[in-house]
Amino acid sequence: MRGLIGYFLRSYSVSQRFFGPVAGIVIAVLILYSYKPNPVMNSYSATAVFLFVACAWLGLSFLNHEHAVQKQVVIVQLRSARRYSIGAILTLALLTLLLDLVIVMYPVMNGSFNEPAGLGRIVLAFAGHALLGWLGITLSLYLQSSWVPKASYAAGMMLILIVLSISASKVAELVPGPIVGVLLPPVFPVMDAMMNADALPVLSVLRTYAHALVYILLLAGFYIYRSGRMDYNRTT
Amino acid sequence: MNDISMRVRPGTATALIGRNGSGKSTLLSILAGLVRLSSGVLTTGRPGLTTGYAPEAFPALKLTAEDYLRGMGRIAGLCEAAGRSRVSELLATFGLDSFRSRKLAGFSKGMLQKVNLIQSLLIRPQLLLLDEPMSGLDLPAQHTLLDLLQELKREGTALVFSVHEPQIIEAMADDLYVLQEGQMLRTIHGAENLRSAPAVYIVYTELHPVAQQAVKAVPGVRTMQPAPDLSGISCTGLTVDQKMSDTCLQQILAAGGSIVSVKPLGGLGDLTEWMDPKDQIGSGRG
């Protein structure tokens, strides 16, 4: 698996498709912290949502960067389409953690907060960023070109999902019942928990994080299962 | 694809031929495990079968040849040292050594095909699937590939390839499958059945019955039958093994006969017809 992840990182970096999403999040974070001082968890909550959007974009660009014929070659070398999918997910998870680390540590190192962040809040922020980043990644799994061939449809659906996920509380007011809470990616609950982490009991924050983690695992698990049952004879 | 039945044995070469769109690439994709069967079964005799696959139209990636191939080696399970050594060996074999640090995006079609073949050969697979392997290759590279494939075959690798060039069939194939519109039109098993023994068809002016019998008695004569007349002169058509054709010609001339025509038969001449099957589905299978 290390060989596959190394190959993916090399192949993606030379494709330069990472530039858009990475530049986007870097600019957004720099703008956010251009004024000092900033409240700790409110700022982290905002950058976590930025990371969610950037990772959805990053995921799509990563999953679409490989030529369909080359994907066939790698699947045959690996002797498993599922292993290929697991490798792609792990690579994206690593990239997310890397961005997560930079985004969480930058304001601490730069002295952008109005008070010391503290280890507890840094750990909560790191976990919250990772979860929202991975949520963005899991959405992109289902919108890559081998699932949604038309790029404009995929981009449109992604935008709708992002907007609905972030504004889930408003959507829940319009759509009564548990549907919104169960179906929509739990971006808003994590964002809300991070924002109010100082006031909420730790258990409540962890419960929200666990909800997001289960959502991610279910979506990724189903994607890996389905990827083993698909045909890979496209050549474009 | 419908009604496909085939068996691939270790140490044999199986050729798939047919027109464009006949299903050769799809069949290779199925064997590679890239396409699932809607019905029927695909079984392997060995668990954990290692497969090499060189698809048609290999893409011009942005990686350098060496980075790409070493990456593929690691993915296939080669350790760093073994991968580096194997990649260097194969790059040198295919004459790409001086291009190892160049990006594939700048490669010609033939060079890309060489890289494609190299990635499929990195691990000496038990099953090697090649989709039009000769496509774009220069003559030395074609010979190199044939030598490599012969070596792998001797070592027990099962080869399956789609092909439009009779030379590779002549040099390698043990079994041949002719495909048309997703169906198997004809199957030929055994290299000896791929080509009939070379023969010669001689047309000559008819001889005295005694001399005719003497010619017919020559060893290697397969058939003797009347041939269309030549300006009112009766002619005979004689099919004889190539190695005895000179003897027959001498005997015919010595008996006062005149040679009208001499035409070689057999060999791989039938391949041309099989490679371009014309609406033969349902007309019988060999």
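Here the Cβ of each residue, glycine as well, is placed from N, Cα and C on the backbone.
Feature annotation from TrEMBL assigns transmembrane segment to A:18-35 (among others). Long-range contacts of the transmembrane segment (A:18-35) within its own chain (CB-CB distance under 8 A, at least 6 residues past either end) are made by residues 12, 43, 46-47, 50-51, 53-55, 57-58, 61-62, 95, 99, 103, 106-107, 110, 112.
Same-chain residues lying 6+ beyond the ends of the transmembrane segment (A:41-63) with a Cβ under 8 Å from its Cβ atoms: 8, 12, 17-18, 20-22, 24-25, 28-29, 32-33, 88, 91-92, 95-96, 99-100, 103-104, 107, 112-113, 121, 124-125, 128-129, 132-137, 139-141, 143-146, 154-155, 158, 161-162, 165-166, 187, 190-192, 194-198. Annotation source TrEMBL lists transmembrane segment at A:41-63 (among others).
If you look up TrEMBL, you'll see A:84-106 (among others) marked as transmembrane segment. Counting same-chain residues at least six beyond the ends of the transmembrane segment (A:84-106), those with a Cβ under 8 angstroms from any Cβ of the stretch are 1, 4-5, 8-9, 12, 18, 22, 25, 29, 33, 44, 47, 50-51, 54-55, 58-59, 62-63, 71, 74-75, 78, 112, 122, 125-126, 129-130, 133-134, 136-137, 140-141, 220, 223-224, 227-228.
Annotation source TrEMBL lists transmembrane segment at A:118-143 (among others).
Sequence annotations record features per position, and here TrEMBL assigns transmembrane segment to A:155-188 (among others).
Marked as transmembrane segment by TrEMBL: A:208-225 (among others).
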